[in-house]
Amino acid sequence: MAESTDRNSRSDVESTAPTIVDDTRSKNDPGDVDQVIAPGEESAKQITDEKADSFLVQWDGPDDPANPKNWSRPFRWYITALGGVAVLNATFASSAPSGIEGQLIREFNLSTIVAILTISLFVVGYCIGPLMWGPLSENYGRRPIFLIGFLGGTFAACPLTNSGAIIADIWDADTRGKALAIFTLAPFAGPALGPTVAGYMSVAGVSWRWLFGVLSIFAGVCTIVLALTLPETYAPIILKKRAEKLRKSTGDDRYYSAIERENLHWAKRIENILGRPFIMFFQEPMLFAVTLYMSFIYGCVYLLFAAYPIVFTQGHHLNAGASGLMFLPLFGGGIGGVVVYLVYYNPIYTKYIKEFAPRPVPPEYRLDMALLAGPLYAASFFWFGWTSYPSISYFVPAFSGALSGFTIVLLFLSLFNYIIDAYLMYAASALAISTVVRSAFGAGFPLFATSMYEKLNPRIASTVLGAIAAAMIPIPFVLKKYGAQVRRKSKYAPS
């Protein structure tokens, strides 16, 4: 596969998605990415220079069975599903305590705000985790990081970060979009199922402690299954192990893999891991705007854990179990969003690939879904808020969640892919800061949601949120029209 270095190269995105390369790579380098796999952002030029070295361990041709992209399709779908379950475990654990909030308040004489901290403090860990687990997995592989990654919010962020990377490791360009779309359901299944399960446990009179027992069992089963069945999928680590095996079997220490020749100074590593994402966030208007939009959406998902009990438990007098069921339309809408993506948008994008070939599809074409979903997402707030009167059947506001879930999936798929296509070489840093800021919103929004919905009432509170969502509608439209011009002035968008 010839590697194009064009600014918007779609093939570049798909072929190098498992690892993000730095702009130190020659822009005219025709290197075969199936033969040379870049292990990190700073090593691409070094790998290019060392290609001719006969002791550099590489794939044994494009059909090398050790290459994760050549594994059997059923096994790759199994790994995709396993990554999705790991994400479900994390999001389920983050949302489930909302269903036992009443028990916690009575047991420990807590205020509502303090009880909500059981959610917020967990999500705060998502702010720290992405900065750790992504870079660590690029040094030690996906598998070991997964196996240590089930402890609290920081550790639960591991599957959130690395499951997507695994999909990039094992799928080629033609299938990766479908796998990612299906995988996207996992983050919505957790928030929908967590309050439902916890709510019915509360209604059944089961001690709130049992909820954390269930979460521990779920995490334990996931860890055991991962330990027994998840292979290493990160190509540079597989090649490193192959080099180690060759050195041992031949007694020749000259065999090496590209990742073993990385000699970055520790200060440069710290800069890449911690510094660059924040620098990009404040210097890149595209990234800032898209991250702000995604963060608001993500924050509103967690805000519902405080808003729904006010509308359905206090307003409609539903018990905790029935109130938890009100989250299911959110998940159902998410399924609808994935179906629309697979049936409608993905075939259109496939036509774009053929239309633009051999040139890449500009990143702005990823925004088509957001152009439709943005206005509908704002409308879902007005639907929820102004049908939340106790005199109106609770089914009406509940099903606003279906529209919300539908549009959230389309927005996230659109904006997530736009970031990857726009930043190519620096996509890892861009996605890291996006996850950090998004998680900060997810942790903060539930803390003011209760006061907001109680003092303003659900109608006004939802109108305020809908107005903010409406104010963000122009973001994808502006990027669709002017994105190419902005990228030409960008320091980080590759040229």
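Each residue, glycine too, has its Cβ placed from N, Cα and C.
Because TrEMBL annotations are produced automatically, they should be read as predictions rather than curated entries.
The compositional bias 'Basic and acidic residues' annotation in TrEMBL covers 1-13.
Residues annotated as region 'Disordered' in TrEMBL: 1-44.
The transmembrane segment annotation in TrEMBL covers 108-133 (among others).
Marked as transmembrane segment by TrEMBL: 145-167 (among others).
Residues or ranges marked as transmembrane segment by TrEMBL: 179-198 (among others). Counting residues 6+ beyond its ends, the transmembrane segment (179-198) has Cβ neighbours under 8 Å at 77, 80, 83-85, 87-100, 160, 163-164, 167, 171, 211, 214, 301-302, 304-305, 308, 320-321, 323-325, 327-328, 330-331, 334-335, 338, 341-342, 346, 405, 408-409, 412-413, 417 in the same chain.
Summarising the annotation, TrEMBL assigns transmembrane segment to 210-239 (among others).
Residues annotated as transmembrane segment in TrEMBL: 286-311 (among others).
Per TrEMBL, transmembrane segment is recorded for 323-344 (among others). Long-range contacts of the transmembrane segment (323-344) within its own chain (CB-CB distance under 8 A, at least 6 residues past either end) are made by residues 99, 178, 181-182, 184-185, 188-189, 191-200, 301, 304, 308-309, 312-313, 369, 373, 394, 398-410, 413.
Nonlocal intrachain contacts for the transmembrane segment (365-386), taken as residues 6+ away from its ends with a CB within less than 8 angstroms of a stretch CB, comprise 297, 311, 337, 341, 345, 348-349, 352, 397, 400-401, 403-404, 406-408, 410-411, 413-415, 417-418, 421, 458-463, 465-467, 469-470, 472-473, 475-477, 479-480, 483. If you look up TrEMBL, you'll see 365-386 (among others) marked as transmembrane segment.
As annotated by TrEMBL, transmembrane segment applies to 392-416 (among others).
According to TrEMBL, the transmembrane segment annotation covers 423-448 (among others).
What TrEMBL lists as transmembrane segment is 460-479 (among others).
Of the recorded ranges 108-133, 286-311, 423-448, the transmembrane segment (460-479) has the largest number of C-beta contacts under 8 angstroms with 286-311.
Highest Cβ contact count with the transmembrane segment (423-448) among the listed stretches 108-133, 286-311, 392-416 falls to 286-311 (criterion: pairs under 8 Å).
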